[in-house]
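Input: a single structure, listed below in structure tokens.
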């Protein structure tokens, strides 16, 4: 079906005087299809009801003006809680629906997704939504029709005088004007169509659909839910669902009910959905059935949603756009967008309940990490043999883990350089490209620890003294070597010693012997950084500090500052 719409903002908007001297706003929509007498009858006496979608756009449903009832329809719930209605039309009628597939949205509701490439649609009419398993689907918003209208359907070579319009009435002047327009478009219609139209090969039979706006004279009828709509009765909610099951799942967000419990090794964590439990169990079993198909990428993931997020690090796709005017930022996941929106609204819904603390956070992750400061919990353990370091945050474990691998997961979008640490990438972008844009961290999506034997086989530690050879190769102790990143972003060799007793070097011809006893009786980790000008900086870090912080401290020393260990 071809729908060429002239909307209210266009220059083709016409005003026709009504019987009472009022101006009737007329919007004209052309529909090209094979004319059918029976389907023509169904168009008489129809009106439209507007419903607002999540992004502020409007969708329309058909009413039968004779009895005020909705045509057979399906209620779907969008992610912001608003309801949209899908019109079901029998196969063979002119108003045919696209094939759709039922999918579950992240809040348990159901939407229907068309099997088609989203690239075939105007991207401004495509809305990204996050599904329950973390994958992304796209809702296409069809061409919009003005609110509170009556549809009139006529043959392109016919007249409008005999049309039935239900409660509405059209004066003779309006009918005359419409007939003139019908004659005009029947002549011009074959000359070409707009860029957004699909040309119907059959020119032998046409019909014209005219939408007459009645303004406030005919009030819009409220949407009526059908027998398949299930409403949440909790105060202030009112969300609608297509099945009782989806409503029940949603109600758990109010009750806190988590009937799915993990019984793996005394874990006892509980979840609101079976899918949530299934995903969690894989953290115990290590199962990662979803593998990245990108060439030279060997990462795999627990869920298809995690894989889809990771793939965006290769493609650069960011389908979730910030709705605030003038912002223009977009994100790889709907959750990151939701947290970002709170930077506009100032919302911080997660409050620390520790007496005397009073801090609040915009994201649940930051809140959980903060609470561990009070509890002392360090649930994230490095699995590399002999390391056993523990961390309060998953991201800290990820940052630590790169010291055991050759991985450089962070890429500069300006020059293509790669880095082990996100902080080093940020420093490089600031100094080399004057880019201060925050870098999103999504380590959990693509942190895949290497097997212990691969770590031992592939990584070695080099102990650096004053040697400044042309090939950059330094004297090694214990045959282990690890390449790290210096302050200026180039690759240099650094020392990471877990214990001062394991750290010693001998003097060389190129430089004096260094003393690595930084004071104090307690044996603490030391990081020695080799910078681009040949200077070595030894940084002693505390138990809570990471290699990232050592690099930051060394950077400040390079600039002539004297930061303390706790700085």
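Count begins at 1; order follows the chain as displayed.
Using N, Cα and C of the backbone, Cβ positions are placed for all residues, glycine too.
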> According to Swiss-Prot, which stretch among 190-214, 290-314, 440-464 corresponds to the feature zinc finger?
Replying inline: 290-314
> Do you know which of 130-154, 155-179, 230-254 Swiss-Prot annotates as zinc finger?
Replying inline: 230-254
> Which range, 98-121, 410-433, 482-505, does Swiss-Prot list as zinc finger?
Replying inline: 410-433
> In Swiss-Prot, which of the ranges 70-94, 320-344 has the zinc finger annotation?
Replying inline: 320-344
> Swiss-Prot tags one of 506-525, 526-545, 546-565 as region 'Disordered' - which one?
Replying inline: 506-525
>> Can you tell me which recorded stretch out of 230-254, 290-314, 320-344 has the most Cβ pairs within less than 8 Å of the zinc finger (350-374)?
In response: 320-344
>> Per DSSP, what is the helix/strand/coil residue tally across the zinc finger (350-374)?
In response: 11 helix, 4 strand, 10 coil
> So which of 230-254, 290-314, 320-344, 410-433 is most in touch with the zinc finger (380-404), counting Cβ pairs under 8 Å?
Replying inline: 410-433
> In the zinc finger (380-404), how many residues does DSSP put in helix, strand and coil?
Replying inline: 11 helix, 4 strand, 10 coil
